[in-house]
Amino acid sequence: MTEIDGAARAVSLFFRIAVVGLSVAAAVVMATASQAFPFNYGGAVSYTKYPAFVYFVVAAVVSAVCSAAALYLSVVREAAAGWAVALLDVVTMGLLFSAAGAVFAVRRMAPLYLGVAGADTVAGRWVNGEFCHAAGAFCWRVTTSAIICAFAAAAVSVAVLTKGARHRGKH
C-alpha cells in the first residue's frame with residue numbers, strides 16, 4: 001500500500017464514520033421536533049404530522065445502518081465485499097439526498113398549504129421565514145436536521161470518491 005493509498009483510505013474511513021454520526025444526529029433532531037402553539041391551531045405540531053418528516057427519520061436511520069455496515073465491510077472485509085460496499089453506498093446516498101430534499105420541499109411549501117398570511121408573496125416568505133414564524137422551535141429543528149442530513153449526504157459522497165481514488169491508475 002502506497003502513501004497515497006493509505007491517505008485515501010484514511011479519508012474514506014473518516015467520512016464513513018462521519019456519515020454514521022451525522023445520520024443518527026439528523027434522525028434524533030427530527031424525531032424530537034415538536035412544538036405546542038400559543039393559539040388553538042391544532043394544539044401542537046410534530047414531525048409525525050408530516051409524512052415527509054417521518055420518511056426523513058426512517059431514511060436517516062436506515063442510512064446510518066447501511067453506512068455502519070459499509071464501514072464494517074470496508075475495514076474488516078475490504079477485498080471480498082467491494083460490491084456490497086458499493087451497493088450500501090448507493091442506498092445511503094439515495095436515502096440521504098432524498099430525505100434532505102423532502103424536508104426542504106415541505107418546509108418551502110407548508111405555508112402555502114396551511115394558508116399562512118403573506119406566504120404567497122415574496123416579501124411574506126422572506127419576512128415570515130415560511131412556516132417558521134408560527135412554529136419557530138419546530139422549524140429550527142426541522143431545518144437543522146435537514147442541514148445535518150445534507151452534510152451526511154455530502155460526506156458519503158466524499159467517502160465514495162476517495163475510496164475510488166485509491167484504485168485509479170492501477171490498470
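Backbone N, Cα and C define each Cβ position, glycine as well.
What TrEMBL lists as domain 'Casparian strip membrane protein' is 8-155.
The transmembrane segment annotation in TrEMBL covers 12-33 (among others). Tertiary proximity for the transmembrane segment (12-33) is limited to same-chain residues at least six positions away from its ends with a CB under 8 Å from its CB atoms, namely 46-47, 53, 56-57, 60-61, 63-64, 67-68, 70-71, 74-75, 92, 96, 99, 103, 138, 141-142, 144-146, 148-149, 151-152, 155-156, 158-160, 162-163, 166.
Under the heading transmembrane segment, TrEMBL lists 53-73 (among others).
If you look up TrEMBL, you'll see 80-106 (among others) marked as transmembrane segment.
Non-local neighbours of the transmembrane segment (140-161) in the same chain are 11-13, 15-16, 18-19, 22-23, 25-27, 29-30, 32-33, 47, 53, 56, 60, 63, 67, 89, 92-93, 96-97, 99-100, 103-104, 107, 132; each lies 6+ residues outside the stretch with a CB under 8 Å from one of its CB atoms. The transmembrane segment annotation in TrEMBL covers 140-161 (among others).
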